[in-house]
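Chemist: Here TrEMBL flags 54 as Ca(2+) 2 binding site. Here TrEMBL flags 55, 115, 167, 168, 224, 269, 270 as Ca(2+) 1 binding site. The disulfide bond feature in TrEMBL is assigned to 43-353.
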């Protein structure tokens, strides 16, 4: 075979491999899924939340905390720094209020992603853990919530070599938590293009405390949302590209033992857990091809999935809401309180609806 023939063969082989990778990626992103509407009654878009509400979590008294203004490469974003809002779901006016941030905090680079609340049983102090992704870095911010002043006191910034691509977080103590790393590479080009095409199970879950930091689970195509059961005995992890939620049992040493995997049939993002029923509420991407390759004329849709009895032999997976992108683009989280469903998005708006 001549040199020209060899080069031609090599190009052909690479083209076939590239085509196979693109086909596989489209399959995982559900690129051919048609978006439809399955709306709930009395849905209202929340004011002042125009540039993403990537994660939402609720205190027991109905006060929702909202991470807003994520700045992520490839997605529309505001020039303003990220913010944290609260929304009193008991107040019929449904008016989000921005929390006042401390002066000693670097607000200009604040780009909040996943969040988690922890209430100290010793004094009822409320701590807010925030995944901060100031491009291209990754760190955890820990705040104390001062309700009387609607403000946050910044306590510390946590960085560690194992916390290199953190997506979501669930606090299990005043200074301990589990996190997901959604990518293997830290370089933005390798993360956004090479890793996406290869689509290998390189994501993981990390446990952090001041005395111990360790990987506790691995093998995710894209580890994303993470949360904990009301009795604190189980950890739930969403794998976006594998369309499922993994269930783990927590051990005394904070290791995780896999219990089961529940297929969801959509690209699962953040997970919220009903403290009374234990039901999982999951913000999903019904067609993530449209999300990753964003076109405002052909927007990505939104979907909310509820998982009931997840620890039983027959968990019930139900679609509660779906939109074709003309109301809500790129849903990333859903949570409930008092008969209301609150839905957040990666870079779009936030919606509150009545549950049927």
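Cβ coordinates come from backbone N, Cα and C, glycine included.
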Chemist: Determine, using Cα-Cα distances only, which of these recorded positions is closest to residue 269 (Ca(2+) 1 binding site): 43, 54, 353.
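Modeler: Minimum Cα distance from residue 269 (Ca(2+) 1 binding site) across 43, 54, 353 lands on 54.
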Chemist: Quick one: Cα separation, residue 270 (Ca(2+) 1 binding site) versus residue 43 (disulfide bond), in Å?
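Modeler: Given the Cα positions, residue 270 (Ca(2+) 1 binding site) is 21 Å from residue 43 (disulfide bond).
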Chemist: Using Cα coordinates, what distance in whole Å links residue 55 (Ca(2+) 1 binding site) and residue 43 (disulfide bond)?
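Modeler: That separation, Cα to Cα, works out to 19 Å.
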Chemist: Using residue 115 (Ca(2+) 1 binding site) as the reference point, find which of the recorded positions 43, 54, 353 has the shortest Cα-to-Cα distance to it.
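Modeler: For residue 115 (Ca(2+) 1 binding site), the spatially nearest of the recorded positions is 54.
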Chemist: Far apart in sequence but close in space: which same-chain residues, 6 or more away, have a Cβ under 8 Å from residue 54 (Ca(2+) 2 binding site)?
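Modeler: The answer is 67, 68, 70, 112, 113, 114, 270, 332, 333, 344, 345, 346.
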Chemist: An 8 Å radius from the center of the 55, 115, 167, 168, 224, 269, 270 Cβ atoms defines the neighbourhood of the Ca(2+) 1 site; name the other residues of that chain inside it, in order.
Modeler: 54, 113, 114, 131, 180, 225, 226, 238, 271, 332, 333
Chemist: What is the Cβ neighbour count of residue 224 (Ca(2+) 1 binding site) at a 10 Å cut-off, with all protein chains included?
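Modeler: I count 26 other Cβ atoms within 10 Å of it.
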